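J.: Attaching a single structure in structure tokens format; questions to follow.
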Amino acid sequence: MDSQYETKKNDPNAIMPYPESNDEHVGEVRGLGGGIMDKEPEAQEGHAKFHRLGWKRLTVVLIVEAIALGSLSLPGAFATLGMVPGVILSVGMGLICIYTAHVIGQTKLKHPEIAHYADVGRVMFGRWGYEIISFMFVLQLIFIVGSHVLTGTIMWGTITDNGNGTCSLVFGIVSAIILFLLAIPPSFAEVAILGYIDFVSICAAILITMIATGIRSSHQEGGLAAVPWSCWPKEDLSLAEGFIAVSNIVFAYSFAMCQFSFMDEMHTPSDYKKSIVALGLIEIFIYTVTGGVVYAFVGPEVQSPALLSAGPLLAKVAFGIALPVIFISGSINTVVVSRYLIERIWPNNVIRYVNTPAGWMVWLGFDFGITLIAWVIAEAIPFFSDLLAICSALFISGFSFYFPALMYFKITRNDAKSQGKKYFLDALNMLCFVIGMGILGIGTYAAIQDIMDRYDHGKVSKPYSCAPLA
């Protein structure tokens, strides 16, 4: 322990690891008054509480983070890009994201003190890197919560036929309340219990969508054989339109942003490999089958999300089945950002364990505040969905691609056991870096162009509008 404190003294930017459960200093945390509370039982209990995650539950929470209703936007991406490019991109991006998640896992094992993605910025670039990535991390997570508020609003509107004139703001408020309530459990081991419901929900919604669209198409003139799907991109495809479709596929694999946060709660972090491989293969299967099958059943007129193509009645059924995934997948982002902020503000305070009255008050306050901010942003910005696309291009390109490449070159490169393997990994990580830069540049351009097109066609709504979104 003396060497750790000497390291901190010599390097102010060093991130010191949290003490392990058998560390004699585990209880030496500060209370509300700032004094040391020697070997406090709450600290020992709290430390154990936040180290209960095994690889199976890690897989579940990664699924909650990664697989949401956005998977039903992939048939629309396939309709734009064509069946062959769609399948190649879906499988290829999935394999690349499995690898970049592996790099993130290796980085966590080499630097156990990294508790959230922002911390790796300090390891690689010092304080300025920490602050920049922290800003990206918090903003993107809050925007994702906001997107689930809007998705919930659309869902309620579809199920209730827009509530016979009910203001859509009411549906937004109801969605925000549900997101807040589901974010109350502070540990990911607890969230994983909801994750099983989440996974069954999205699988059932996808299955209903595929069956319903298949039946509708088979009953039309000419049957399934008459559906005009294509192997190749549609004619007159613009760069912006094409890259938005590519972005929908890329962003479907954007689970890396929360991987450090989840791994920090594992009791055996080295088991992460099982989780990322399992998740990656599940995602590749679901996304490729969903995108390809629904596009083949509906054709170029497929709606986004695709369950809207299932017909009025079955769209309501599918949305109802998907209700858990809309809110559980959204609430986990609130948990991640709340955990990060509390651990940043009170790194040595028993509050961060959320097992005292003061800890629970702070936790509920952060959950409520983040959900409120997400709702306000989602309702106040008329082009919020497009702004989310810009932020995703700016930030997820880093979290999933070029930051892991930089981690490899700055942290894990020397772990390669042979020169040939090192050269291969050098090339692979250069490819990841180039992909990230391409998404950053072209993706941002495509999202901005889409906003301009929507303004030109009068498709941008007003702030806090009561108009139905469904």
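Using the three backbone atoms N, Cα and C, a Cβ is placed for every residue, glycine included.
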J.: In Swiss-Prot, is LYS316 on the same membrane side as ALA48?
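T.: Judging by the topology that Swiss-Prot records, the two residues are on different membrane sides.
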J.: What range among 1-21, 22-42 does Swiss-Prot describe as region 'Disordered'?
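T.: Checking Swiss-Prot against the ranges 1-21, 22-42, the region 'Disordered' one is 1-21.
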J.: Does the transmembrane segment (191-211) reach the transmembrane segment (276-296), going by 3 or more CB pairs under 8 Å (6 or more apart in sequence)?
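T.: Judged by the Cβ rule, the two regions touch, with the required three close pairs present.
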J.: Does the structure show the transmembrane segment (387-407) and the transmembrane segment (428-448) touching, where I'm treating 3 or more Cβ pairs under 8 angstroms (sequence separation 6 or more) as a contact?
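T.: Output yes: the transmembrane segment (387-407) sits against the transmembrane segment (428-448).
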J.: Mind checking which residues of the chain, 6+ beyond the ends of the transmembrane segment (317-337), have their Cβ under 8 Å from one of its Cβ atoms?
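T.: Same-chain contacts beyond the flanks: 61, 64-65, 67-69, 116, 137-138, 141-142, 144-145, 147-149, 151-152, 155, 158-159, 175, 178-180, 182-183, 185-186, 188, 191, 194-195, 197-198, 201-202, 204-205, 208-209, 212, 258, 261, 307, 310, 367, 370-371, 374.
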J.: Which listed range (78-98, 132-152, 276-296, 358-378, 428-448) shows the maximal number of Cβ pairs under 8 Å with respect to the transmembrane segment (169-189)?
T.: 358-378
